[in-house]
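What TrEMBL records for N49, G59, N60, N131, N166, E184, R185, G194, T195 is substrate binding site. According to TrEMBL, the active site, proton donor annotation covers C58. Taken from TrEMBL, the feature active site, proton acceptor covers C193.
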Amino acid sequence: MLNLTDDQVRWLCDRRFGVGGDGLLRATRAGLIPEWEGDPDLWFMDYRNADASIAEMCGNGLRVFARFLVDEGLLSRHDAVIATRAGLKHVIVHGNGTVDADIGPARTGGDAVEIRLGERSWSATPVDVGNPHAVVRVDSEEELAGLDLTVAPVWDPPESFPNGVNVEFVALTGPDRIRMRVHERGVGETLSCGTGTVAAAAAMSRPTGHEGAWTVDVPGGTLVVTPGEEDSRLTGPAVIQARGEVFIPEL
């Protein structure tokens, strides 16, 4: 089994010195993960953020992880269960490259938190999708586009998210459509966040009264999300862009 140090994870995710990425997915059998107590023969998605911190889940990562396993012949079925730190996730890999993923429950609730970005602040909705999110609704697409997400948002009270939080900024663009930008913990702004789209849709469902699927536009493309307190579905493309070998230095 390939074990990577934190420095090696950071090196691999570095776009100048390594391969480059918002995070790293390691495919291993679940029985090799010390804290795993379920079926040891399942494939486990061991996800690390670009700063090497461990994350419970990654929705987009889950879809591309499933696509990788199918393409490499490591899964005999296109309909499978993947083990993650947020539990078991059901995925369906379609022949056109689209992947449906069971993200699990999206739970809103708890006390609202304040999110600050530079000199501005908003009330945010906390959402638990197996990992922590705070969703901020902004007034327009123009406001959304003008946000400077090179600056990390901060939250109050600080103890609301002791392990950090992914912050989604969302503008309503139609009765069942939203546009989103996200600042991910341990990474910064990314082009998309799968669990973030689920969190955003869940947070917007209550004030709008919309039930069912949402179309979520992110800088990296478009996803279809159906949030729920018992189960949430995330549908979108998963593309393997390259295959190769890399020399990993001793760091």
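Counting begins at 1 with the first residue displayed.
The backbone N, Cα and C atoms fix where each Cβ goes, glycine too.
Features as recorded by TrEMBL, highlighted on the structure.
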residue	record	DSSP class
N49	substrate binding site	strand
C58	active site, proton donor	coil
N166	substrate binding site	strand
R185	substrate binding site	coil
C193	active site, proton acceptor	coil
For N166 (substrate binding site) and C58 (active site, proton donor), determine the Cα separation and express it in whole Å.
11
Widest Cα span across the substrate binders N49, G59, N60, N131, N166, E184, R185, G194, T195, in Å?
15
Nearest-integer angstrom distance between the alpha carbons (Cα) of N60 (substrate binding site) and C193 (active site, proton acceptor):
6
For the recorded substrate site, enumerate neighbouring residues of the same chain (Cβ within 8 Å of the Cβ centroid of N49, G59, N60, N131, N166, E184, R185, G194, T195, site residues themselves excluded), in sequence order.
A55, M57, C58, G61, H133, V182, C193, G196
Using a 10 Å radius around each Cβ and all protein chains in view, which of these active-site residues has the most neighbours: C58, C193?
C193
A 10 Å Cβ contact count, applied to the binding-site residues N49, N60, N166, T195: which residue has the minimum?
N49
